[in-house]
Amino acid sequence: SQVSFEEESQNPPAVGHWKPLMPSKGDKEEAESGCQDAGGVQEPQSTEQLNVSRLRSSSVEIREKGSEFLRDELHKAQKELKLKDKECERLSKVREQLEQELEELTASLFEEAHKMVREANTKQAAAEKQLREARGKIDMLQAEVTALKTLVITSTPSSPNRELHPQLQSPSKAGFRKGHGRNKSTSSAMVSAASQSVAPEPVSRECKEVDSILFAEFQAWKESPTLDKSCSFLDRIYREDVGPCLDFTKQELSELVRVAVEQNTLTIEPVASQTVPVGKVAAEECGGPKKCALSGLPRTCKHRIMLGDSGSYYYISPSCRARITAVCNFFTYIRYIQQGLVRQDVELMYWEVMRLRREMSLAKLGFYPSEM
């Protein structure tokens, strides 16, 4: 029966061969008459037809349910396909967006890299230019240091250099070197004793004796030279010489001058009689050709000073100029010692420091050369 069911499911019956499951009344009569005529042979045939009809109805029902199930599965598959299509479309848009962002990022990175390369080339060119300028300045400064070193080393109290001490030269040569031009405080050593001293007697005629306390302080400072005023050597000189020498009537300006001298930013230059005060401060503060800015007294001012790069000039009298120059000469010499430019015996350096201290004391007391 199973084989017949499969054959029936594969080969559906043709139209016009359906036979009723339940025979009608006429059929029953015919069947009964047929049965009576056949003598009982027809009864097994009707039972077999009934079974076949039942199988055919079952196959139709199964076919309908299978069709309905397949339609449901088809609908589900179509829905899933639509969802997959939407997901694919969304992923495609995301991919396009990522590709666009990647292209923009790549372009911006290349642009930034080119910009950095240009800036690096510019900075390299500027650095090379500064290096060349610095090397030129170094060569110039080395030449100046060599010249100054030669002058300082060859000038000692026992054997002074006549180039640094014009008062030891003949009157004609000394007169030729009278006065000096615009110079920084670092250059003041070039006119140290010549512009400050009051024609002392020859060194060979002086009687000198080393003070043990002062010499010990200088030796201790010489072991580790510094410009820190806290050490005993410089502390004494600040109290006894530098402070009193730079103590002018105008206290505020005096403090600025002291700081400029310590920082090596003071400029002294001669002025013509027609020069008009130039600067950022008032004319009364700057003084003038007939008034000293430091003392506040009416004096003929032949020089003026500038503190750093402020552009402000202050007119000073010859006495004030002598006091400032004496302090500048002292600081210049101890800077040379600190930088190792002075190669002398410790005692000779000590006496040179004492000579510079004497110049500061004389300038404080009002003694200065007439050519100032």
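Cβ atoms are placed via backbone N, Cα and C, with glycine included.
Copied over from TrEMBL, here are the features:
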{"type": "COILED", "residues": "67-151", "note": "coiled coil"}
{"type": "COMPBIAS", "residues": "43-57", "note": "compositional bias 'Polar residues'"}
{"type": "COMPBIAS", "residues": "156-172", "note": "compositional bias 'Polar residues'"}
{"type": "COMPBIAS", "residues": "185-197", "note": "compositional bias 'Low complexity'"}
{"type": "DOMAIN", "residues": "64-149", "note": "domain 'GDP/GTP exchange factor Sec2 N-terminal'"}
{"type": "REGION", "residues": "1-57", "note": "region 'Disordered'"}
{"type": "REGION", "residues": "156-197", "note": "region 'Disordered'"}
Average pLDDT across the domain 'GDP/GTP exchange factor Sec2 N-terminal' (64-149), rounded to a whole number: 89
Per-state residue totals over the domain 'GDP/GTP exchange factor Sec2 N-terminal' (64-149) - DSSP helix, strand, coil: 86 helix, 0 strand, 0 coil
